[in-house]
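Taken straight from Swiss-Prot:
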DOMAIN    35-133  domain 'Cadherin 1'
DOMAIN    247-347  domain 'Cadherin 3'
DOMAIN    352-451  domain 'Cadherin 4'
CARBOHYD  169  N-linked glycosylation site
CARBOHYD  418  N-linked glycosylation site
CARBOHYD  436  N-linked glycosylation site
CARBOHYD  567  N-linked glycosylation site
SIGNAL    1-26  signal peptide
TOPO_DOM  27-690  topological domain 'Extracellular'
TOPO_DOM  712-798  topological domain 'Cytoplasmic'
TRANSMEM  691-711  transmembrane segment
């Protein structure tokens, strides 16, 4: 009574809300959909967005969800596509049993504004079950004086499928005594009757065995069989008679196992064996056989399994009484299950938000549904929350309730509420269900983020790797929730010439600073910028701080060799007299370092030599000197690789390559040996080759000049003609050198060579091409061949 008064006292508080909510529910519709049973999980049912006339993405924006009446999630909604899908395989027989059509009811809930769409899903049957007889053999005792046309009712087969997939026909194996007749029952089911066509004669045949077949209407059809054994008896005049054709009784659903449901009674006026009556279930389903049992001698029916009103609220039981002579009679027992208050109310929360802003009155916090599986007064419910709370329960349709704030909340007075939702039924004794929820009151955004320091100084060594973490900034916010979530950003620099966006970046979530590229101390020694911290409140509040970045110098410059040049041009060859004394200064490697301090201190080291021990390099000045006397057995050509290393950490280095040629005096001309020349040629053979080569070059030069003049005089009109000449083969040609680097002269170009000599020097000088019309061959090839020539021999072409 107190609960009912409490409910009435709140009616006036929620009346205006109920009326307001009725406006939002006025557009709610009713949807009917269908799906075939046993379809795979995730099968498409319908596109709810199109069916409800909503734009794409609207379902997700409104927080749409699907709620079933029995709290089982048979369906799944993809709110992004709007597709309603099956969440599991649906078995119509398990869901609805023999009931047809099989309907599942559910609701579609939507927010902003809150709406409920009621819908139903029909599960269409498929022929996935074959008919099954409970008894594989049925025994009929028929007297031999039974009249033709007498019908004997047989137990029907069971088929969980419904409609056309259920049982549609019965047949009997061919015989001369019986045929099958199909009859209907009050429940709309068909059952077989065995009709006698010809009188039986016990003396001719005492027993017959027939096969009864049940056929369903599926495609393809399924069938089940049972054996009917007929025993022919002597004359039995009277069949048993029940005291009542219909027995009606009631049983509470909490009745214990073994509880006596009812006792049926039948009498037979015959005597002896023909008067002995036995009782049995007839045409009973498996559910009846597992729930009840019958005493075959007394006719008492007992409870074999506990009853459940919520599953089955009534039973129809067919009882057969048969005497010893095979005659039988039937009656029906109707058992009504009485409901007891054995199910507490259920509370199903569909949506819940545990946080509400302090300045948000009449805000929905939770949507839930209540249900009680009991019936009558046992299934009636009241729902309420504690007194003195700034919240209201607003009733809706289909037993839905919405928990909303009654007015604006004050976080400074109370930041958290523990609400108990109580649902009580009106049964005896009363059962109740409680559900506790916690609501947090969130603060408004009234505090700006504050940096831990007003300015930050960061140090980073130059040549850092890109994306290097160089430091962090941090800010805190006194608010809570999203108002306290800080986002960091780089503010535009005051120096417009500073490319800040390409220098550093900041992690928006944690304030970590990263160098976007490698910094160069020589280019940029320091820079500063400002960072901002902004919360996620509305409106957003922010603050800023100064960040200074100092770049530290590093040993990032390798030594650079000034002499000899190492720029890819032809190598420079130094001449060394064979008469040089030990310690003779051959040349000096000159190098510089762009760094400063100890990073620029250079040391020299001989890394590789054609003949180790012949030359040495001074460590501090790079001078290359002979280490011992030269002999005739020493190779004429030598290649030295000098390592130049600075004193940085880690040290950096460069190499210089020197080409040395041992000569017997500076007055003799020399020619750098091609790479293919033997490195171990004897000195005397080299001298002979040089003399022969010089003579050959002189002769060929003179012959070329004469040939050129002759061709010019004979063919004045052909300015682009090219002179030809033969060049003797050999490792050292005479006065002609092939600019392509081969041992014979190219067919495209010939050059005049002038060999000049002076004290201590000797060089080749190319005056001009013998063929003047170079344009006919193409400027590109000229440049390419000249470049190849210079790179191969290091000579200057004029």
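Quick reminder: no glycine exception, Cβ is built from N, Cα and C everywhere.
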Just the number: how many Å between the Cα atoms of residue 418 (N-linked glycosylation site) and residue 436 (N-linked glycosylation site)?
7
Fewest neighbouring Cβ atoms within 10 Å: which of the glycosylation sites 169, 418, 436, 567?
567
Whole-Å Cα distance, residue 567 (N-linked glycosylation site) to residue 169 (N-linked glycosylation site), is 103
The rounded CA-CA distance in Å from residue 169 (N-linked glycosylation site) to residue 436 (N-linked glycosylation site) is 57
Which whole-number mean pLDDT does the model give the topological domain 'Cytoplasmic' (712-798)?
39
Can you tell me the three-state DSSP label for residue 169 (N-linked glycosylation site)?
strand
Taking DSSP as the reference, which of helix, strand or coil describes residue 567 (N-linked glycosylation site)?
coil
Take the domain 'Cadherin 1' (35-133) and count its residues per DSSP category (helix H/G/I, strand E/B, coil), listing them in that order.
14 helix, 38 strand, 47 coil
